[in-house]
């Protein structure tokens, strides 16, 4: 009898152990599938972004080459045209040619590239794609529900199956059939409402900004005379400047960028809010618009956006209220530090000859554009080294860098995907590699022309390209140790004097910088202590 009891207990224990093992295997399999889907979605998103920016750059390059320049005898080389197209589409504003070489048609092409490459527009395209996929999912779910209710077997076509398989890569949680249909419809409506809110911000800022810049030019004789002297149409200038500023590109249709408007304080103050709204302060502005829309309309889907934010929408630029306040405070602190340093060190230097108000306005304009627009009212090569180092730091920092001493309300644990990404190199490692590579390609000029070709100038150029800023130290023939009688000063960036190999490396840096959000978690596996 005792033997039978022992056998029964052993069998029961074996059954329990087997069930626990099966459950663990199922959980591991489920987690593995979720990770694979997430990894596939991230890889798919990265490839889509790469194809988008490369295709847009190539298309812009073709149009720039096909259209006529202002002066046929000053037509840029093919690699400089491609460099300019990449710089516009990645909103980097690194220049190797003078901007006044381009005709009105080419300026419009550059405007389209800057608009299409802007982060707000790219995120708007992402929202449109997500809205479309959610509509298809709800439609397929409704058809399955109707088929089940009517006891009718519905046959899925090949196209529908392909759509379902593709939608898996977009998001893992959205594919869960356990989510009620009403909840999915509410989320779709929320995505649609968020799309229209972002679209409204995009349209309003560009419309108001363009009209305001044009009105100022017509009202200011000095600015109007400057454009007339450079044969620039007022409205082309206004549209180009507004798009460039809001998209955080930094190109200007003038050779001197904003230096020719260093005394036009109202114009600078018109562009500063556009640069902030299109970059570092976009999340607070977006959150304010969402809360205003929720209070005004009281629509369920808009209230859902305001209540759950990024957690429900998956929209990168939608921050919680506390994070928005901390981001705004961080931006203000960074600007205050930069303005104070520029005024303290350049009040009687690079700012000499301006009134007190103009000096403060120029310092503020530079501080705002170091993160990450790149328009400049001063020659950066004349600034103190301490200011340049601070600008390098500001250009390196991502736009949404925030002092946030609170725990994030996130329950997500570190996934295998995060662990794998942490084993790759950090952003600083990549920048060091790029700087070393350019020092190798330009090694002869580093020896022969050390005042122009020095490591600090190269670091500023590389970090500026990585941050998609556009600041540059430039090149001056007067700084040559062995003067070259054929040297002529040009209004181009420092990269305009580089070899073709150096320019190609900088093109890679601009693409890498535009897509850096996919590799920001790299390098965490490297321990320095």
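These residue numbers are counts, starting from 1, taken along the chain as shown.
Glycine is treated like the rest: Cβ placed from N, Cα and C.
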Region 'Disordered' range according to TrEMBL, out of 142-171, 172-201, 202-231: 142-171
Annotated stretch (transmembrane segment, per TrEMBL) among the listed ranges 288-309, 354-375, 420-441, 442-463: 420-441
Of the residue ranges 380-400, 464-484, 485-505, 506-526, the one that TrEMBL records as transmembrane segment: 380-400
Which listed span TrEMBL calls transmembrane segment, if the choices are 84-106, 107-129: 107-129
TrEMBL annotation of transmembrane segment - which of the ranges 46-67, 266-287 it falls on: 46-67
